[in-house]
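*Asks:* The following feature annotations were taken from TrEMBL:
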TRANSMEM  32-56  transmembrane segment
TRANSMEM  68-87  transmembrane segment
TRANSMEM  130-152  transmembrane segment
TRANSMEM  187-207  transmembrane segment
TRANSMEM  273-292  transmembrane segment
TRANSMEM  298-317  transmembrane segment
TRANSMEM  360-378  transmembrane segment
Amino acid sequence: MKPSQRMHGLVQHINAVAQQLGLDMLTVKKEYIFRTWVTISAPLTYAVFGVYWGFLEARRHWLEGIKSSIMLGGLVSGSAKLLTILLRHTPIRDLLHFIIKICEDYEQRGVDFIHALNFGIDRVYKIQRIIFVGYSITFLIMLLMPLVLLFYKGIRITVMPYEIPGLSIDSNIGYGLTYLQHTIPEVVGGIGFYLGDMLVLLALNQIQTFADIFQLKATALNDALERKEQSRYVCNVGEYKDFNIQALLMDLINWHQLFVDYCELVEKIYDNLIAAQVFAASVSIVICLCVNLNEFDLISAIFFLVSAYSMSVYCIVGTQIEFAYDQVYQSVSCLSWHELSCEQRKLYMMMLQRAQNMKIIVLLGITPLSLGTALQASELDFCFGNLLAKNNI
């Protein structure tokens with residue numbers, strides 16, 4: 001399959017997932033259907049019942065109140081993903097079409113570009129499998145574990161960390177209705193998490209693909225510059241060969257400008273979503289650690305894995321983007337610029353200056369999206385959670 005066909009299939013898969021939630025990403029006009037309102041109601045019902053139940057439990061004991069808020073981070077990140085998709089539907093749709101168009105244009109430029117595009121798509125599919133398997137296993141365990149404990153041990157626990165006022169889980173009807181109500185936000189949340197992550201990570205991974213294409217263009221220009229240098233040893237006096245250097249240089253500069261504009265566009269669209277995802281996951285890790293260091297709680301232990309896994313995926317991709325920026329800078333700085341003319345050197349220096357000052361993705365203007373941030377956040381989470389547990393605050 002051509003890279004454009006593979007990318008089109010991936011985008012169609014993401015859109016099919018979005019349509020399950022009533023959120024068609026490729027439609028020109030955004031429509032609110034029944035499934036859209038069900039999706040919107042999922043975080044609202046958890047916010048109402050969860051906050052109310054957490055307040056009641058906190059009055060009884062602090063640990064019970066914290067247990068009731070273990071999925072608060074999921075509420076924040078899920079709401080951020082939903083609001084981003086609803087409020088920025090048009091730029092997200094245009095971005096998806098732009099990614100497909102780039103694949104269609106550059107798959108016609110030779111085997112090297114096809115290989116770069118396929119390598120980038122393989123990266124996305126690899127992340128997609130990791131995300132799908134991770135979310136499927138954890139959310140299925142959270143849905144099925146209460147039923148397993150009920151049938152085999154007679155223990156009644158809820159899927160979500162709250163109970164509905166007026167429904168007692170001690171009665172069969174009350175427990176059944178509570179389980180059904182919890183299933184809706186749980187399923188919607190799982191699909192929504194997967195959808196939001198795929199949209200963000202697809203856009204972020206294209207930065208690496210664009211960096212690979214830039215390196216191919218820089219290699220072509222550098223080869224032409226080296227041929228120009230070698231030609232001086234064999235050419236007659238006064239003979240001049242251009243080797244199409246001006247066209248190659250302008251093509252490289254235009255692609256670098258597109259690369260910079262794309263990075264800024266992705267950050268503009270998904271900045272709040274990425275920040276909410278990472279910080280919410282960090283807060284969830286603190287809460288789950290605090291609960292489990294006092295006494296083991298199955299739901300919080302599972303959600304701890306979900307939070308740690310989602311934060312790690314984002315931060316690892318952020319680190320790979322930093323490597324992509326370094327790759328672009330190395331490609332620019334390693335050009336044989338001394339073979340350029342004076343006017344060409346001026347253009348080269350402008351591109352080099354932009355490559356040296358690439359704007360990295362920063363979470364709320366505080367810390368960069370990188371693996372180092374994930375490690376620092378994990379260390380702080382563990383220390384803070386351990387402090388709360390030891391002091392019984």
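From the backbone N, Cα and C atoms, a Cβ is placed for every residue, glycine too.
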*Asks:* Tell me, please, if the transmembrane segment (32-56) and the transmembrane segment (187-207) are in contact, taking contact as 3+ Cβ pairs under 8 Å between residues separated by 6 or more positions?
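*Replies:* With 3 or more qualifying Cβ pairs, these stretches touch.
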*Asks:* Residues of the same chain, at least six outside the transmembrane segment (187-207), with any C-beta under 8 angstroms of its C-beta?
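*Replies:* Apart from its flanks, the transmembrane segment (187-207) reaches 10-11, 14, 17-18, 20-21, 23, 25, 38-39, 42-43, 74, 77-78, 81-82, 84-85, 92, 95-96, 99, 102, 120, 123-124, 127-128, 131-132, 135-136, 139, 143, 259, 262-263, 266, 269-270, 273-274, 277, 310, 313-314, 317-318, 320-321, 324.
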*Asks:* Are there residues at least 6 beyond the ends of the transmembrane segment (298-317) whose Cβ is under 8 Å from a Cβ of it, and what are they?
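*Replies:* Same-chain contacts beyond the flanks: 67, 70-71, 73-74, 77, 127, 130-131, 134-135, 138-139, 141-142, 145, 157, 159, 161, 193, 197, 200-201, 204-205, 274, 277-278, 280-282, 284-285, 287-289, 291-292, 369-371, 373-374, 377-378.
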